[in-house]
Amino acid sequence: MWWVREYQISHTIIRLQQGSQGQFPLTQNVTVVEGGTANLTCRVDQNDNTSLQWSNPAQQTLYFDDKKALRDNRIELVRASWHELSISVSDVSLSDEGQYTCSLFTMPVKTSKAFLTVLGVPEKPQITGFTSPVMEGERMQLTCKTSGSKPAADIRWFKNDKEVKDVKYLKEEDAVRKTFTVSSTLDFLADRSDDGAVVSCRVDHESLNSTPQIAMQVLEIHYTPLVKIISSNSWPEEGQSIILTCESKGKPLPEPVLWTKDGGELPDPERMVVNGRVLSISFLNKTDNGTYRCEAKNPIGRNSTEYVLIVHDVFNTLLPTTVIPSLTTATVTTNVALTASTTTSATATSIRDPNALAGQTGPDHALIGGIVAVVVFVTLCSIILLGRYLARHKGTYLTNEAKGAEDAPDADTAIINAEGSQVNAEEKKEYFI
């Protein structure tokens, strides 16, 4: 019966349509680095023996179930079942990028899209624009360039591991390969502090897996010498020695330094000995005072510095001895010694600089004046005491000639002469001093 058969066919079609409503292919977008392998997977949770198919952006069939449709050795079957169709594309190129389609052949046909993104790996960067050596003060322009990145790579500059922000950035797109060429320029004035510095250009890109590509350049800067004199004695005195060291730094290395005094040659080569950069002066005296000059030069230029030497006196003076007489003939001796010395203490906060002419510290004149006043006062007191001593111990005596006893002929005459001599005794007094 024809109508029974037609009913069965219609019922079967309705069942297929109702069953296919729960079937839908599932895919995911894929990102791969150029030259890598891309895995495309299409899954169906409910499938009643319905076929699956993968096609490329040009709508060419790659695989229909487990049957390969396109002759491309890079495309391989990974897994084929009623619930999954997975394929792999090896050695991916930028031209493989696009939208791939997974089709489930139901009524109607259901599809799912998966976009394949191919990352262009940037080439190793190169630094250009450096010509060695560079003179101090010249302008330097270093350019870092890299090509083949997709999307555009990022370039960062560093000098001795410290990032430099003020740079120029430029990117250009290659319309054929859809990649970018990126360049960055570092512009600065060469300074002696940059000599030996490492300038690096770092390229960051998502295709490098957190391992940036780096190009480095070591700077070589030539500059005039920098000169400095170091003294071994901060307070030189007569009879001592002093060593002056001339430190010079430059590139190229400065030639042996030249020592002069007051604009001319060293006056006493026997005591003033030059050994390389060191000037040694022995047995200092006042004639060594003056301005000593150290000059250094290299092919770039010359430079010099000066040191003013002042030789100080050695104070060691004894004042005269004063004797004070007394009844017991005791002698008091006063010795006043002035000694100038230099001591260094742990709490000292200032150091005498012989190189400083203005405000130089000398002997304490107030102290010396006070000591002299005390000595004068002691001398005056001694004179006063001596005068009083002599006034109290004056003596008188009568000479034998005044008595006249030896010339008298008899005792009566001698007595008369003695009495007469007593009257004139005041006239024959002598004072002993």
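Keep in mind that glycine also has a Cβ here, set from the backbone N, Cα and C atoms.
Annotations in TrEMBL come from automatic prediction, not curation.
Mean pLDDT, taken over the domain 'Ig-like' (25-112), works out to 93 on the 0 to 100 scale. What TrEMBL lists as domain 'Ig-like' is 25-112 (among others).
As annotated by TrEMBL, domain 'Ig-like' applies to 125-217 (among others).
The domain 'Ig-like' annotation in TrEMBL covers 225-310 (among others).
Sequence annotations record features per position, and here TrEMBL assigns transmembrane segment to 366-386.
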| What is the number of residues in the domain 'Ig-like' (125-217) that are helix, strand and coil, as DSSP sees it? | 6 helix, 56 strand, 31 coil
| field | Summary of DSSP states over the domain 'Ig-like' (225-310), given as helix, strand and coil counts | value | 3 helix, 49 strand, 34 coil
| task | With DSSP as the reference, give the number of residues of the domain 'Ig-like' (25-112) in helix, strand and coil. | result | 3 helix, 43 strand, 42 coil
